[in-house]
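For reference, the structure is listed below as structure tokens.
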Amino acid sequence: MSNASLITQFLLLAFADTRELQLLHFWLFLGIYLAALLGNGLIITAVACDHRLHTPMYFFLLNLSLLDLGSISTTVPKSMVNSLLETRAISYAGCVAQVFLFIFLMSAEYFLLTIMAYDRYVAICKPLHYGTLLGSRACAHMAAAAWGSGFLYAVLHTANTFSIPLCQGNAVGQLFCEIPQILKLSCSDAYLREAGLLMVSGFPFLGCFAFIVLSYVQIFRAVLRISSQQGRHKAFSTCLPHLAVVSLFISTGMFAYLKPPFISSPSLDLVVAVFYSVFPPSVNPLIYSMRNQELKDAL
């Protein structure tokens, strides 16, 4: 990559200027990180070890927990180490790896959430065809497609971003390396190439969003046609955790990347980054286990 000989490291945004606040940041993020490891680790263990949970819904949930573990491990540990050691530095290779892994895992998670919406649609709207449409082989292929699509998406954008000449210094205005902050360091209008690619590649994401919305429209219509109140409650209870996770994921991501420039500031960007990169992986296990008796029993 052309920038490797010019920039050897980047400087991440410091959480605070005083030593006390840096240590507070370290301990706070350590607690969140351990909670995310524990919650997602318990779900992975429960689904893997309990044969009662060997169903499509829990198979996709296991994949979601793996992606959550990966995404929070990509950003939080480096930020914690920097606060503990009072440094802002991250190597060029480390920054490239962080951008690649973050895009890979977050994109794969979005595609997987779309698949999980399809799973809920089939379970409620086409229950007699559930075993046929979502057999073990079909589930494995869909999960592999989500992971593979995220990987290709990450390769494309990481290679394109770091091939752009950077001449605006090496200070990244964020807790971790991400494409919008790297593009701010680009020379003149060189960033337009990646910006155009982001716009074009955004269409699959819009397609996934439309698919999720349409799926839940059909789900709610089917649930409202259920005559018994107990049946409606059971159907809603299987959908609400996924709907909550999707809403949290999309709302925080949209606010982070689509907010108007005039309300952007370093402190606001910092808070938003925590909400969309740290908060969902920590909260998702709680959302899924709170109203799920089968998962509670397995745990």
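A Cβ is built for glycine as well, from the same backbone N, Cα and C atoms used for every other residue.
Feature annotations, courtesy of TrEMBL:
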TRANSMEM  26-49  transmembrane segment
DOMAIN    39-288  domain 'G-protein coupled receptors family 1 profile'
TRANSMEM  56-77  transmembrane segment
TRANSMEM  89-113  transmembrane segment
TRANSMEM  134-156  transmembrane segment
TRANSMEM  195-217  transmembrane segment
TRANSMEM  238-258  transmembrane segment
TRANSMEM  270-288  transmembrane segment
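Here the transmembrane segment (195-217) has long-range neighbours at 110-111, 113-114, 117-118, 120-121, 149, 153, 156-157, 160, 179, 183, 239, 243, 246, 250, meaning same-chain residues at least 6 beyond its ends whose C-beta is under 8 angstroms from one of its own.
Between the transmembrane segment (89-113) and the listed ranges 26-49, 56-77, 134-156, 238-258, 270-288, the one holding the most Cβ pairs under 8 Å is 134-156.
Within the model, the domain 'G-protein coupled receptors family 1 profile' (39-288) shows a mean pLDDT value of 86, rounded to a whole number. Tertiary proximity for the transmembrane segment (56-77) is limited to same-chain residues at least six positions away from its ends with a CB under 8 Å from its CB atoms, namely 29, 32-33, 36-37, 40-41, 43-44, 47-48, 98, 101-102, 105-106, 108-109, 112-113, 115-116, 119-120, 123, 130, 134, 139, 143, 146-147, 175-176, 238, 245, 277-278, 280-282, 284-285, 288, 295.
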